[in-house]
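For reference, the structure discussed in these notes is given below.
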Amino acid sequence: MKKYTNIKDISNLKETIREAILLKMDPFEFQDLGKNKTLVMLFFNSSLRTRLSTEKAAKNLGMNVMILNVNDAWNLEFEDGTIMNANTSEHIKEAAQVISQYADIIAVRAFPSLTDKQKDESEFLLQSFIKYATVPIVNMESATAHPLQALADAITITELTEKANPKVVLSWAPHPKALPQAVANSFVEMMQNMDVDLTITHPEGYELSKEITKNTAINYKQEEALKNADFVYVKNWSSYNDYGKVLSQDKSWMMTKEKLGAAKFMHCLPVRRNVVVEDAVLDSESSVVIKQANNRTFAAQMVLKQILEDL
Ligand code: CP
């Protein structure tokens, strides 16, 4: 693997998931692979799971890890030809090349603005690192994608499914703030590559990009969509068409035990209790969110392993 910025970078998904599940039984099996190699993790935004699980994954492989909260460093300039006489002090051209001298792999987290659709969709920040860094780049959630989360979700569903072709429902839920579409995008793309029956449900106005959903079934009636579901992945996202806007906070879309039925409840976390999902779901055996978060380590470990093998 030369980089991991999108789930399309995984050449053999089934084999990667199978190996990740095996790795859980012996996490230190490849501890020599990362010896004297360094992962630099750059955070433009907050994180709990991604930060800790990716660091743990790298250390399980014997790597050294350095973490920079980018807001503590010099303000970066990303535009070409800018006269840098205002707030930015360092250009990405120098920064990416400098960091590449300290790192064998660079991982980047940078959320979208949710105000400039064109710029967000161009993935200008992640693409700038890909363009100017001289080492492989890993996406720890960008403007439009969260591929490490999606791989962990795929591992979780594979481990827990009791049947071939389980029914998986991605359900929008209310949230007081405008959130990115990244998790939903990558989850949909991942499920399209798995042997599952995927349905998306959300209020009208919350359609994801057609380039992502393609022919996936969309049902605006949540309870109808949830019928006979085996896995229900709940996530809020802001409007894609009316870009970055919160169009609805309809509480009737919150996931409840009654609506969930016999399905397993999934969420990437962090989650707002009794807004996105009621306590009764999260505190029940139906919730697999802790297992999902654990699988973040093995998703990251598989990605780093495959990149290290190709260095
Ligand atoms: N799910 C996830 O990416 O969690 P963090 O934002 O805490 O990293």
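Here the Cβ of each residue, glycine as well, is placed from N, Cα and C on the backbone.
The feature domain 'Aspartate/ornithine carbamoyltransferase carbamoyl-P binding' is assigned by TrEMBL to 5-159. Taking the domain 'Aspartate/ornithine carbamoyltransferase carbamoyl-P binding' (5-159) as a whole, pLDDT averages 97 in the prediction.
Taken from TrEMBL, the feature carbamoyl phosphate binding site applies to SER47, LEU48, ARG49, THR50, TRP74, ARG109, HIS146, PRO147, LEU148, GLN149, CYS268, LEU269, ARG296. Same-chain residues at least 6 positions away in sequence with a Cβ under 8 Å from that of ARG296 (carbamoyl phosphate binding site) are, in sequence order, ARG49, THR50, SER53, THR54, LEU148, GLN149, ALA152.
DSSP classifies LYS235 (N(2)-succinyl-L-ornithine binding site) as strand under the three-state reduction. Residues or ranges marked as N(2)-succinyl-L-ornithine binding site in TrEMBL: GLU141, HIS175, LYS235, ARG272.
Annotated domain 'Aspartate/ornithine carbamoyltransferase Asp/Orn-binding' per TrEMBL: 183-305, in sequence order.
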Integer Å distance between the CA atoms belonging to CYS268 (carbamoyl phosphate binding site) and HIS175 (N(2)-succinyl-L-ornithine binding site): 14
Helix, strand and coil totals (DSSP H, G, I; E, B; other) for the domain 'Aspartate/ornithine carbamoyltransferase Asp/Orn-binding' (183-305): 47 helix, 20 strand, 56 coil
Conformational class of ARG49 (carbamoyl phosphate binding site) under the three-state DSSP mapping: helix
Binding-site residues compared (ARG49, HIS146, LYS235, ARG272) - the one with the fewest other Cβ atoms within 10 Å: ARG272
Length of the line joining the Cα atoms of LYS235 (N(2)-succinyl-L-ornithine binding site) and TRP74 (carbamoyl phosphate binding site), in Å: 34
Sequence-ordered binding-site residues from ARG49, LEU148, HIS175, CYS268, ARG272, ARG296 with Cβ under 6 Å of an atom of ligand 1: ARG49, CYS268
